[in-house]
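Engineer: The domain 'ABC transporter' annotation in TrEMBL covers 35-289. The transmembrane segment annotation in TrEMBL covers 382-402, 414-437, 458-488, 494-517, 529-556, 600-624.
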Amino acid sequence: MEDTISISQDVPDLELGSYQTEYSPSLVEANPAEITFENLVYSIQLGNNKKINFRKGTTISEKVIIDNITGSLRPGRLTAIMGPSGSGKTSLLNLLSGRNITGKVSGNIWLNGRPCEDGALSLVSRFISQDDVMLPTMTVSEIIEMAIRFRVEGIGEEELESRKKHAINTLELEKCQNTRIGDSMDKGVSGGERKRTAIAMEMATNSSVLFLDEPTSGLDIYTSLLVIKLLKKIAQSGQTVITVIHQPSSDIFNLFDDVVLLSQGKTVYFGPQDQIVPYFSKIGYKCPNYTNPADFMFTDVLNESGKDISPRTSKLEFQKELSQRLSEEWNKSELANSLRSRVQNPNTSVINESSFIDTINSFSQFKLLSQRAFKNMARNKLMVRIRVAQSIIIGLIFGIVFYDSRNKSLEVKIQNFMGALFFSCISQFLPVAVNVLSTFSTELHVVQRELQSEYYSLFPYFSAKVLVEIPLQIIGPIIFTSISYYMIGFRSEFRYFAIHACGLILLSLNAFALGIFTSTLFKSITVALSFLPMLVVIPMIFGGFIVNTGSMLGWIGWLQWTSPIKYAFTMLTTNQLSGFTIDGEPVGDEKLESLSLGRFKIVGCALFLLLLFIIMIVASYFGLLRITSNGKLRTKTTSTKKKKSILLGNPDERFIKNHSNKF
Ligand SMILES: Nc1ncnc2c1ncn2[C@@H]1O[C@H](COP(=O)(O)OP(=O)(O)OP(=O)(O)O)[C@@H](O)[C@H]1O
């Protein structure tokens, strides 16, 4: 066994046909890394949704997802994790890579014999998730370049170019390197190119271990084969490559060095790919000639197709019994014994600091993220155009509808002014909140993925996002005010115009913050969009125009002080009516008094709008922190320093006596 699964530097070169490019694995300077794990158990508490097993009359409050798995993943080898849907493939990958763990974990994981608690493995590994979301406005080349810049502090242009070129060449992305990623509305690269870009992003920086969750999902057979061939090349360069895969074709299956077969969270097979057919044949499952071994495992072994299930046994129970039986067979096998002895004698070679995946400092992250956000906004012409067009069109409509109100009778003039001021506020609040919510919800997926991949941290991202968006929220109200203000006939001196524009700008910033905050409340954009009207209608009702807030019941009237529309409306109305007299009569102040807008005047209202904006931005930050840390605001994150000290430290004592392995 030791021979069959030993690390082979002498793996024969693959026939890559037209994909054979000049490939120099020298870029990967990372140390070879062996991941070993023993008795891994991962279970989820079912909490309030306790499942009741009516037959046995017991309450199950825990679901075991990974059930006592032991194994070794070695450098230079491409390992496939396979199994039926729901068998625990993604959970095992997450467990090994230390991502998305929401349940209880027991067992041990080591990297070259060092205990990998506290997510230390993330320092030397990259994870490519199934949802390869990327900013649609960026090109393949820019995405790879950004990934490198986020990893290497102060990288020189020459090295950057060489790393980028290497990644592009290796992943066969030359043809589409200047094509934008695109999305469903604006088609960009193909699905296969997108997948390869995701791999290129991660392999452009050194890493000893590469985890992939279904890299071939949604791809045709030909492109899937290409992707797996590329993974094989990466493995041959010395990395440990582990991929979850669904139903591979026989060509793809033959490329794997090792296979992990799971059923109901249990190990059914864990060893060399070329031993799988003999192994199952030995325990009574003979693979027919000319049959894809992967198909054979799914149909003949894991489902025992053709076998009659007793009508008294449910499919689930049958599956459980079968998994139990197959895993017992596995545990008794010679291959399992060899694997256990491998786990007891792992490679314990030193891991150099050069193998650690770095991130740049927070200020450099902020700089890069601001540049990216500006570029993204400049390219996202549709959103900018919509914002500008909205301001022009609504400004013109207001100008026409309320045209020259100044020269109407006093009653008409005041009625028109009130209507124009209130709906000016609404026009700079509602559309902004909806636009921000819909665009930010899409961006959020990208940010979540990048945060998980530890390209940057949330604070630099959020600061850059707010900084870059502020100008857009300023331009809209300025355009709107420039068009409508003088057409309506508001006070003509410039200072009144400036105060009017400032009030609307501050309101627009509040709408921006509300849009971001709402997107952090819900996982689904549809739910968030349905919830938003409620968050907008309440400030509208308490805005001071629809209902006289002075007449409201005290226990509900306080809500007016939380409404940014109220402060903006008060600011704009005071700006137009304060000190307005007719024949010495203080008509404007009387009107203001009758509106019960409160004692805050222009400056006070501006300060409150600023305060509400700050509160909402801080709330948005914590909302983002909550959703990007899986709902746990105070997640225990281990510092990079601690992770480094774990990996640079001595191997576990139990392995020191066996310190004889060499790759
Ligand atoms: N956080 C969780 N809460 C509850 N159940 C979970 C959780 N995570 C995983 N599961 C359950 O654990 C089982 C294994 O899930 P996992 O996603 O690992 O399976 P999989 O083999 O990758 O499936 P697929 O091939 O369909 O993606 C499934 O039944 C899933 O519903």
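We count from 1, first residue shown onward.
Glycine too: its Cβ is placed from the backbone N, Cα and C atoms.
Nobody curates TrEMBL annotations by hand; they come from automatic prediction.
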Engineer: Which of 382-402, 414-437, 458-488, 494-517, 529-556 shares the most C-beta pairs under 8 angstroms with the transmembrane segment (600-624)?
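Structural biologist: If we count Cβ pairs closer than 8 Å to the transmembrane segment (600-624), 494-517 scores highest.
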Engineer: Can the transmembrane segment (494-517) be said to touch the transmembrane segment (382-402) if we require at least 3 CB pairs below 8 Å and skip pairs under 6 apart in sequence?
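Structural biologist: Contact criterion not met.
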Engineer: With Cβ-Cβ distances below 8 Å as the criterion, list the same-chain residues six or more beyond the ends of the transmembrane segment (382-402) that contact it, or say none.
Structural biologist: 416, 419-420, 423-424, 427, 431-432, 435, 439, 472, 475-477, 479-484, 487-488
Engineer: State the non-local partners of the transmembrane segment (458-488) in its own chain: residues 6+ outside its ends, Cβ under 8 Å from one of its Cβ atoms.
Structural biologist: 362-363, 365-366, 369-370, 372-374, 377, 384, 387-388, 390-392, 394-396, 398-400, 402-406, 416-417, 420, 424, 427-428, 432, 436, 447, 450-451, 497, 500-501, 504-505, 507-509, 511-512, 617, 620-621, 624-625, 628
Engineer: For the domain 'ABC transporter' (35-289), what's the model's average pLDDT?
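Structural biologist: Overall, the domain 'ABC transporter' (35-289) comes to a mean pLDDT of 85.
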